[in-house]
């Protein structure tokens, strides 16, 4: 059931009636929606009760750019000892150079490819030996590293499905398993960056959705197991922040992905769908990538709260009103209704 912060009685609110059909039962009906003012989700005020940061240490994956890069700098400013896991540390990416240029003993970049067990194990040993008291453990782990792609199911190769899963899902599992002994000793926090696409599917995003649904399930299982051990597990589900994170690297990168995808399609798929349909899907993706929020602060605030609050939330939803409402409808309403609104 949707909940709203109402400024006047429900009966006085503007109403919108949406007709829908139930294909299985052959019935027709209507859904009465009330439009009500909500507190913008991206500006949510979190509970103020927090644990003192002190000398607590955290590891963040995927710090070369995007959320991870911004989060590393923010948590450092909050007083944390930050280990910034970077895919391109060995190659000196711009993000690594900027973080290293801060020349702080409390901000250390670490080479970390979440797909390689040897790098994950090496990072765990480096971080353990860098802690003031390894027996007290590591306070926080933020699994942020991730990649994405787009394309209908018939446009997406099995190699692409595996590549996205290796980073987003198995990378999260791999890093978590490597650092859980340290997290358990500290009775600390695990914060997994999922997505609104981990709660609701969308067209042309199946590789990404599959992995983020998996992160959600993994996080729930881990939360149940860690509860009696004093470790708290939270999931952050950002909305559309592609414009802020440059996840696709701009329209040129999208076109490059699209051209490669088209060239590798089986001839029967190209003939059945046609280039016009394919190009329309690419254009929609370009529009989506340039229409999102350019401000990462809602996500940064959510992760910070999950790491510092005495009682962190199970899930955080830093997203604008449109995506928040859509997620509620797609996860709480019968499929016949949500399909009628967003598909038919």
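Cβ from N, Cα, C; glycine included.
Under the DSSP three-state reduction, residue 208 (active site, proton acceptor) is assigned to helix. Annotated active site, proton acceptor per Swiss-Prot: 208, in sequence order, evidence recorded as sequence analysis.
Taking Cβ-Cβ distances under 8 Å and a sequence gap of 6 or more within the same chain, the neighbours of residue 67 (NAD(+) binding site) are 144, 193, 238, 241, 245, 296, 299, 300, 303. The feature NAD(+) binding site is assigned by Swiss-Prot to 59-83, with similarity to another entry given as support.
Marked as substrate binding site by Swiss-Prot: 195. Within 10 Å of the C-beta of residue 195 (substrate binding site) we count 26 further C-beta atoms, all protein chains included.
Summarising the annotation, Swiss-Prot assigns O-linked glycosylation site to 219. Cβ neighbour count for residue 219 (O-linked glycosylation site) (all protein chains, 10 Å cutoff from its Cβ): 24.
Marked as N6-acetyllysine by Swiss-Prot on the basis of similarity to another entry: 73 (among others). Taking Cβ-Cβ distances under 8 Å and a sequence gap of 6 or more within the same chain, the neighbours of residue 73 (N6-acetyllysine) are 99, 102, 107.
The N6-acetyllysine annotation in Swiss-Prot covers 97 (among others) and rests on similarity to another entry. Classification of residue 97 (N6-acetyllysine) by DSSP places it within a helix.
The Cβ of residue 103 (N6-succinyllysine) lies under 8 Å from no Cβ of any same-chain residue at least six residues away in sequence. Following the DSSP three-state reduction, the secondary structure of residue 103 (N6-succinyllysine) is coil. Residues annotated as N6-succinyllysine in Swiss-Prot: 103 (among others).
Annotation comment: Swiss-Prot describes 103 (among others) as N6-acetyllysine, evidence class similarity to another entry.
For residue 177 (N6-acetyllysine), no same-chain residue lying six or more positions away in sequence has a CB closer than 8 A to its CB. Look at Swiss-Prot and you will find 177 (among others) tagged as N6-acetyllysine.
Around the Cβ of residue 212 (N6-acetyllysine), 29 further Cβ atoms fall within 10 Å across all displayed protein chains. Summarising the annotation, Swiss-Prot assigns N6-acetyllysine to 212 (among others) and lists similarity to another entry as the type of evidence.
Secondary structure at residue 246 (phosphoserine), as computed by DSSP, is coil. Look at Swiss-Prot and you will find 246 tagged as phosphoserine.
Shown in sequence order, the list is empty: the chain has no residue 6+ apart in sequence with a C-beta less than 8 angstroms from the C-beta of residue 260 (N6-acetyllysine). Marked as N6-acetyllysine by Swiss-Prot: 260 (among others).
According to Swiss-Prot, the N6-succinyllysine annotation covers 260 (among others).
Around the Cβ of residue 281 (N6-acetyllysine), the same chain contributes 150, 151, 152, 155, 204, each under 8 angstroms and 6 or more positions distant in sequence. In this structure, residue 281 (N6-acetyllysine) is part of a helix by DSSP. The N6-acetyllysine annotation in Swiss-Prot covers 281 (among others).
Among the features that Swiss-Prot reports, transit peptide is placed at 1-46.
Residue 79 (NAD(+) binding site) sits 27 Å from residue 246 (phosphoserine), counting Cα to Cα. Every protein chain shown contributes to the tally, and the Cβ of residue 63 (NAD(+) binding site) ends up with 33 other Cβ atoms within 10 Å. Cβ neighbour count for residue 79 (NAD(+) binding site): 13 (other Cβ atoms within 10 Å of its Cβ, all protein chains included).
The DSSP secondary structure for residue 177 (N6-acetyllysine) is helix. When the neighbouring Cβ atoms lying within 10 Å are counted for each of the recorded positions (83, 208), the highest count belongs to 83.
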